[in-house]
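The phosphoenolpyruvate binding site annotation in Swiss-Prot covers K22, N23. Taken from Swiss-Prot, the feature UDP-N-acetyl-alpha-D-glucosamine binding site covers R91, R120, P121, V122, D123, L124, K160, V161, S162, V163, D305, V327, and the record attributes it to sequence analysis. Summarising the annotation, Swiss-Prot assigns 2-(S-cysteinyl)pyruvic acid O-phosphothioketal to C115 and lists sequence analysis as the type of evidence. Sequence annotations record features per position, and here Swiss-Prot assigns active site, proton donor to C115 based on sequence analysis.
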Amino acid sequence: MDKFRVQGPTKLQGEVTISGAKNAALPILFAALLAEEPVEIQNVPKLKDVDTSMKLLSQLGAKVERNGSVHIDARDVNVFCAPYDLVKTMRASIWALGPLVARFGQGQVSLPGGCTIGARPVDLHISGLEQLGATIKLEEGYVKASVDGRLKGAHIVMDKVSVGATVTIMCSATLAEGTTIIENAAREPEIVDTANFLITLGAKISGQGTDRIVIEGVERLGGGVYRVLPDRIETGTFLVAAAISRGKIICRNAQPDTLDAVLAKLRDAGADIEVGEDWISLDMHGKRPKAVNVRTAPHPAFPTDMQAQFTLLNLVAEGTGFITETVFENRFMHVPELSRMGAHAEIESNTVICHGVEKLSGAQVMATDLRASASLVLAGCIAEGTTVVDRIYHIDRGYERIEDKLRALGVNIERVKGE
């Protein structure tokens, strides 16, 4: 397995161009199965999960090409089963199920894999499809969905806020007969982006970005060209990297209005932040950040995917900060690894109490999930000496060319090929 070797400490300075959002690109790629004409999707990041999704769409019979943009022609889809060998590495493949059953009346997806963060059941996807009239069976490790004729619009109240299930229900409802209302819907920018993509193809959707989404079913969806929004988590990760290194950075191709909660906390930590239409600058003026208290919750609150990065910020900040995780259990696996680098933290149920230290020391650490592993790489950027981060395949699932982007900001980082 590949590793990163990072020599620190470095003060990050310069510009970084933000990639398209993985968490919008994936649902949009699967939503392309609904289209009866070719679609072009721009600003799709080059990531392992994206490659896996494109491979999966090809196996279903879609024509998929990448030349800058991703081109998908799903007219000839004739296989309705997403097999285990592709699904096992990636939870997002569950998003193939709704479009398949909505357009073709049948679909089956192997139960998914992905990051090992807490319980992420597919129950909410299943109950949403059942409420739209699909028959669901769980057999031999597969979720099998079918419907006679079209799905039927329904008034669906989500038991809990779920980005994944909101995507499944919204995509499926675009081709259902009648109107679907989703109450307690997820409000994430990636949901809005997926809805806007579907609207480009001819879907009738309103209320995306609120907790009540209304979808009027249409007979068919056509083609179109759509640009994926910038990755707010990648943006936030680079902003934190600059903040903890007391540096100065400009993020280009960013979307500031998707990061309100994160930018507010960075300002609390002492960062001087300016924003334009598609850029964000951060300058620490050489100062050490101040500890901040953070509580994760569904959008528009503070995102769970930025929790590990802010845990690290607090561990090198002035003072003591509390980080409370309310979205996923089992999401503090980076904390013991950071302790090996000299960090002082205590975990009490779903809260980490961070006591800031002046500096970290390089160490050998291991990545456990996508965002935790990013925080270990950032720790290596500011630690004294050499840090080796093992199991970085987690990072490759969510960050495009992170080492090249860090190098351009002055970091001494190299990828060491594994056995």
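Glycine residues also receive a Cβ, built from the backbone N, Cα and C atoms like all the rest.
This view paints the features noted in Swiss-Prot onto the structure.
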residue : record                                        : DSSP (3 states)
K22     : phosphoenolpyruvate binding site              : helix
R91     : UDP-N-acetyl-alpha-D-glucosamine binding site : helix
P121    : UDP-N-acetyl-alpha-D-glucosamine binding site : coil
K160    : UDP-N-acetyl-alpha-D-glucosamine binding site : coil
D305    : UDP-N-acetyl-alpha-D-glucosamine binding site : helix
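Of all the Cβ atoms in the protein chains shown, 24 others lie within 10 Å of the Cβ of K22 (phosphoenolpyruvate binding site). Take the Cα of K22 (phosphoenolpyruvate binding site) and measure to each of the binding-site residues D123, K160, S162: the nearest one is S162. Proximity of K160 (UDP-N-acetyl-alpha-D-glucosamine binding site) to non-local residues of its own chain (separation of 6 or more, Cβ distance below 8 Å) is seen for L124, N184, given in sequence order. A simple way to gauge crowding: the CB of P121 (UDP-N-acetyl-alpha-D-glucosamine binding site) has 11 other CB atoms within 10 angstroms, across all the protein chains here. D305 (UDP-N-acetyl-alpha-D-glucosamine binding site) is 11 Å away from N23 (phosphoenolpyruvate binding site) when you measure Cα to Cα.
Summary for the binding-site residues D123, D305: the Cβ-based neighbour count within 10 Å is maximal at D305.
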